[in-house]
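Here's the structure we're looking at; comments come further down.
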Amino acid sequence: MDTIFAVSSGLLPSGVAVIRLSGSHVVHVVTTLCGCLPKARFMHYGNLTARDGSFLDSALTVFFPAPHSFTGEDCAEFHLHGGKAVVNRFLDELSTFKGCRIAEPGEFSRRAFMEGKLDLVQAEGLADLIEAETESQRRLAVMGTSGRLTTLYRDWRHKLMKIRAFIEAELDFSDEADIPNTVSDKVWKDVENLCISLREHIAEGERASILRDGFKIVIVGAPNSGKSSIMNRLAGKPVAIVTEEAGTTRDALEVRLVLGGLPVFLIDTAGFRETDNKIEQLGIEVAKQHVRDADLVILVYDMQNPKEVYLPETSAEIWRVGNKFDLYEENKEPWLIQFSALTGLNFDHFMKELESFCLRRVSEIGNLFPARKRQLQLLKEAVKEIENSVNYDSLDLSLRAEHLRRASDFLGKITGDIDVEDLLDIIFSEFCIGK
């Protein structure tokens, strides 16, 4: 297998650039460039010299012999000065060694998986950790890399395999006196309890999707109620056009924010009203769809001239807020909050309420749940097979056992214990080249 190398420290130029290598030629490459093989897992400082004798850089080198490395192969890292010319010259030198080439995206992690250093859940968690932009996403990724999910899924799979063993024993030795016909009957309660655990885990994963995908907060209201001013103040910059003319916003505008360490997608929509303008009508239909899909709807009213807006059916929480508080006296309308998006009067209170809403929703989520849609889908497939086995007790026992086998295979595919070769290219292509 080729020895692979890549920059693993990010964009250049930088203070330091880390070049990672993995494969059977690492010892030869390191010895040639350093003039010696450094002590394992100790930083070695010295000059790096090309094979033609030219100076490359003064650098730190660390050697990780197999199997005690990230990939399970011989690995090394060169910590160079992070100039583009320095790094490019060093990469060119590495490419001159026989059997050495630039790594493909995710190839280091893929080799770690193939060598049993990572399972698929941990690999996906690692990819999520690299991509994490908020504290909640970081915690979600750490859950995947910790191995706790893997332990849970393997435990469930082991239970299914043990149950199948009882059933198959009855099938294979039904005429033996020491194998009673009621053995398999005793396990179906265990199967039902396992199915309940899986369903609860799936429901937790669907609730927790907001940690990865973000909260969807939609701003709606009548034209000229100040929706775009609210959008701009929340975004901290002008992203929406604000004028006295009604109907300025024709399409939905989206801004990504972080509130309380949680990802939030804020959407400003076209004002709801009767209109003959075809473009504006389309904008209003788009707004209604966003309301249906929202986690929170902020229904904005002009406090001097509050116009009622009729929203489509939605499962989202709806906040009625009064805007333009700087122009009008506090009134008795049932506003949740009153503020001025233009001047910022009482807007801090509104921001704190938004943050509290997000944190409250997160507090309802448990500590262990599927972190990715792939995992969630395979869990649903496993539940479907278990339900087929439990609910159709008139089926031949061998068919019911087959449904349980398929369920355990779906659980095995989550961790990669069952052949998932067709998925590996998709999963590891999400990584950067140096990971």
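From the backbone N, Cα and C atoms, a Cβ is placed for every residue, glycine too.
Record features (Swiss-Prot):
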type    : residues                     : note
BINDING : Arg20, Glu77, Lys117, Lys435 : (6S)-5-formyl-5,6,7,8-tetrahydrofolate binding site
BINDING : 224-229, 243-249, 268-271    : GTP binding site
BINDING : Ser228, Thr249               : Mg(2+) binding site
DOMAIN  : 214-359                      : domain 'TrmE-type G'
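Taking the binding-site residues Arg20, Lys227 in turn, the residue surrounded by the fewest other Cβ atoms inside 10 Å of its Cβ turns out to be Arg20.
Of all Cβ atoms in the shown protein chains, 24 besides its own fall within 10 Å of the Cβ of Ser228 (Mg(2+) binding site). Confidence annotation: the domain 'TrmE-type G' (214-359) carries a mean pLDDT of 81 in the model.
DSSP assigns Ala270 (GTP binding site) to coil, not to a helix or a strand. In the structure as shown, the Cβ atom of Ala270 (GTP binding site) sits within 10 Å of 26 other Cβ atoms. Here the Cα atom of Ala270 (GTP binding site) is found 9 Å from that of Ser228 (Mg(2+) binding site). Taking all protein chains in view, 20 other C-beta atoms sit within 10 angstroms of the C-beta of Asn224 (GTP binding site).
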